[in-house]
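**Student:** What follows is a structure written as structure tokens; I'll ask about it next.
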Amino acid sequence: MSVYYIVLAGFLLFMALVPFNAGQQYIDDDIEVVSSCQNGYVQNAGCDQNSQVNIIITATLDGVVTALDGETGEMIWRYEDAPLLRGTLSTSDPIDIGGTSLQLMPTLDGRLFSYTHNTNLIEPLPITTDSLLESTIRLGQDAVAGGKSVTTKGFDLFTGEQKYECSMESCGPGDTETPKNPIILIRRTTNSIRAMDTLRGIERWNLSTAEIGVTLAGGITSPTLVSDVKILLQPPDGVIVAVDKYNREEWKTNVDGHIVSVWQVYGNQIGEISIFDPSNIFTTQYEVMQREQHNLQTQSSLLYMGTSNGFPFIIQSPKAKNNLKQRMNALPELSTMTELTNPRFCTANEETRSLAYNVKDETLRLVLHNAFRHSQSKAIEDKSLSGSSARRKLQIIASDTEVSAQRIGTENLRSTSVSKSGDYGYLVLESEPQRVKFKVNSPITLMQTIFSYIFNPTAVVSFLAGLIGVTVAVVYNKIAKSSPRMIEHLSSTESAETESASHRTRTTSFAPTDDEIERFVEEGSDLSTTPIGAIHRKPLMPIEKSNIETHTQPQIKPVQRLVKTDIDTDEDSFSNDEKKRLLRNRTISRSSLEGFTSRFANEFEVKKVIGHGGFGVVFRAQSITDMNEYAVKRIAVADNDKARNRVLREARALAMFDHPGIIRYFYAWEERPPKGFQEKEDENLLGKIKAEKLAKLHEIKKAKKHTSEGKRVRSADTASFAESFAMPPVVGNTTDAENSWSTSAKPQEVGAKRTTSESKLGLHGGSDRTTAELKEESVAFSESDEESDTTEDSSSSDESPSSSSGSSIDDEPKKYNSSSGGIEFVDGSDDVDNEAVKETKKEIAVIEELSIHNRAMIVETENQELEVRERNDTGDCAYLYIVMQLCAEKTLEDWIRRSKTMESRPLFTMKNWIKQLASGLEYLHNKGFIHRDLKPGNVFFSLDSTHGHQILKIGDLGLATKTDGAPKITVRQDSDSSAKHTKNVGTRSYMSPEQLKHQQYTEKVDIFALGLVATELIISFSTASERIHTFADFQKGDIPAILDNVPESRDFLLQLTSLEPSERPTAHEVATHKFLQ
């Protein structure tokens, strides 16, 4: 060990003695440039002139380089050169190669891609301009010329004056004096080839491609630059937009050309604004933002596909270039000479001149034919020769590594153009990262790992501690198994109390647990003679807050069996597993006997489906007894305690609360209908409601006197969102409901579990569009779209008692057509339907979504592996009903979305609302609970509200958790009581810094969320991005600049959103704060 420290000290001493010259910079051609204050190249901290240079350099496909002022977007200078792409190969029609139609797609770095019409595949050909030139020379049929050339030109950065040029012929003219302004270097790499007829000298075909690179002489190349604005690109449109950190436009400029490269010079640094980064593209920036909000890995782009006057071209990313180069090197050399046994020279006349220009040339055909032989399209065609195969979806072959390639479908294409006319451009994103497979290390690697642990004292101690722990666990397990009855009788009193508690939380229709079956089997009970009624549970007694009488399901007496059959006598020979299964089936079968009645159906009349999401459906129902309307939430529960405890959490929390600022709870019960009973009841119920709504819609439309063919909305009787929604799944049937996410690969068959925002979008058609369409057209996300409910259970605001099926409709619906045959929404200014029509159609859409219960599927994801199972295969389930106070069919989130002006948000009213929320939180905290998911979507308006006085109520307590007393560090109710809460639950946009860091947290997380909600009430954000960035600043501890617009509220909001929880006020201190008085 001492030798190690001696060597380390010697190395550090050596490094300290080595001189370091920070004033020298080197450029690519090894010319040393000395930094100084006078030459304007590098502005050091010690120089007097320290103004930051901010210039944007753009290169377009027509060969024009433009310099823009980074502060204003005004053009500083412009330099024109030859186009980067030209020639007959780049503007040719499809070529017929042996019966295969190929469309050539050249790349700017001199390679050729092909689009094969037969296989609908885009892939690189194993050929470049260099190999094409070599092949045509070897064939000797044409006179060819071409090659690669590199030209470097130096320009004054500020004036655009050309100082010098260096090419293959010469370099000059030089300047003996040191320039006063920085010099920008523009390097152009050109690959060109021309083929001519040897007799007539007529050009047959040609191709020229070029790339442009920009560097700063004496400057520093940096991958990322720190700037006050962000540059966004619309490459096909030639538009550059500068936005601030709140995504507000600073300036916008059109450079009149298809943009292929952009650089930014800031100070003495230069960095490329890559067109392969989706965050730099105007149309894909929101998708990147969404992936960050959902903690998903950002996809990078391998290729950029664009068109020039309607003809395609490709730009390869540096990664794609390197991968393709290594892959092509592994292919065998094209044996071009051996393919042509009898070369023929082509004659030239007026017709052949035209044909030559259309790439009708035998030499080129031969070269392309040999290249095509090695393509995947050729292999696909060979396999499908025997029969006619259906046309495949478009796919793009991109090299993943030097030895493999990946197929990229249209779902990974992103449009970069806003304009619907002119040329187009698409980013070709990499496929989603695959799950890392287990890999067995080689023996050498394994031995190295073992020795690294042997010589690491910490690792040895950890290994021994783990070994001792495993040994103790094994010994304890053996002792426990050797005397199960002794351990069972040690605490008979505790066991009786546990059994009593278990009785209180089950209904008569629940099947016995595995432990109970195990006890019956071990005690040798005769399952054939055990009466079903002997295994009976006491029903769940709801906590009453009204005089409504509770009822239990009637006990069904089993038929007495007088004769014992042969099957009964053979049960003694059954195995333990068979006895368990038999007992469970017989217990479950009691619910199939005649006489079952639904308490919900007997006591309530459903008026409307007002919400759905996660695992629940919320009905607006009228009590037959007192004729009052309530919000009744129904949740499907699997046959196990863990699932029941999860869904009972909200009911148990609500039962403890009695506060005007919290949704009121009345009572709850459970039902366990026979298999298929609930599905049939839902079908009848929803069909009846739909018929009533259709009749209402017919009457409304009948009264309308004018319609426009171009502005009409599709008839509501065809409006179905069933392809994008399924009945909520059963709680407890997912493998890991806390950590799994779901998706609908086939919406008409698979009903995915949704987040709050996704469910809301589905209600008004936003989710009907396919993923590819949304991403391709890059529709801007609505204000609620960036929110992702990463809840540990599936309660969402859509299940809350006032969630309206149409409450999340945007005020300005965008025009699009549903891909699933749903309602077609048109622009709000042209919509001839009134609000009543819209509302009725939304309700019908929800009903039709719920009506596909029998086709519902459960989609589970664990470690990115999809598992799809039919709902009916998940086992029997019970239904938990929670009766709650009915609120207005709008949330605070809906109000915020509609109230965009400051006039609609008087500060006095906003203060009153914040005070109401603080009062509700104070009550929760005093009761020892933390809400953990406070957001506008979980705040509702009471039906007792008036125009002058709105009463707010906090709802959706599915994530509310009990605290452990004085420290108020949250503890999971369904886990060990010593486990501190660090789980990342709630909505990410409204999480506190300690939640985002997975640290221990207290009730102060609700105060932080309240601060964000207060900010959203006081400040009217112009865009969703502005709100996201503001909240992100709060979560990072930065002070958002937008607070300067509300100086009277600034200190109050900063107190609530303090980075340190101890510095945030309590809910009582917020409610009594002088700012709110």
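Using the three backbone atoms N, Cα and C, a Cβ is placed for every residue, glycine included.
Feature table excerpt (Swiss-Prot):
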BINDING   Ile610, Gly611, His612, Gly613, Gly614, Phe615, Gly616, Val617, Val618, Lys633  ATP binding site
COMPBIAS  766-778  compositional bias 'Basic and acidic residues'
COMPBIAS  783-796  compositional bias 'Acidic residues'
COMPBIAS  797-808  compositional bias 'Low complexity'
SIGNAL    1-23  signal peptide
TOPO_DOM  475-1077  topological domain 'Cytoplasmic'
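For the listed features, I'd like the structural context: burial, neighbours, distances.
**Tutor:** Using a 10 Å radius centred on the Cβ of Val618 (ATP binding site) and all shown protein chains, the other Cβ atoms total 27. Reduced to three states, the DSSP call for Val618 (ATP binding site) is strand.
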**Student:** Please classify the secondary structure at Ile610 (ATP binding site) using three-state DSSP.
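**Tutor:** Where Ile610 (ATP binding site) sits, the three-state DSSP reduction gives strand.
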**Student:** Counting Cβ atoms within 10 Å of each candidate's own Cβ, which of the binding-site residues Ile610, Gly616 comes out highest?
**Tutor:** Ile610
**Student:** Need one number: mean pLDDT over the topological domain 'Cytoplasmic' (475-1077).
**Tutor:** 62
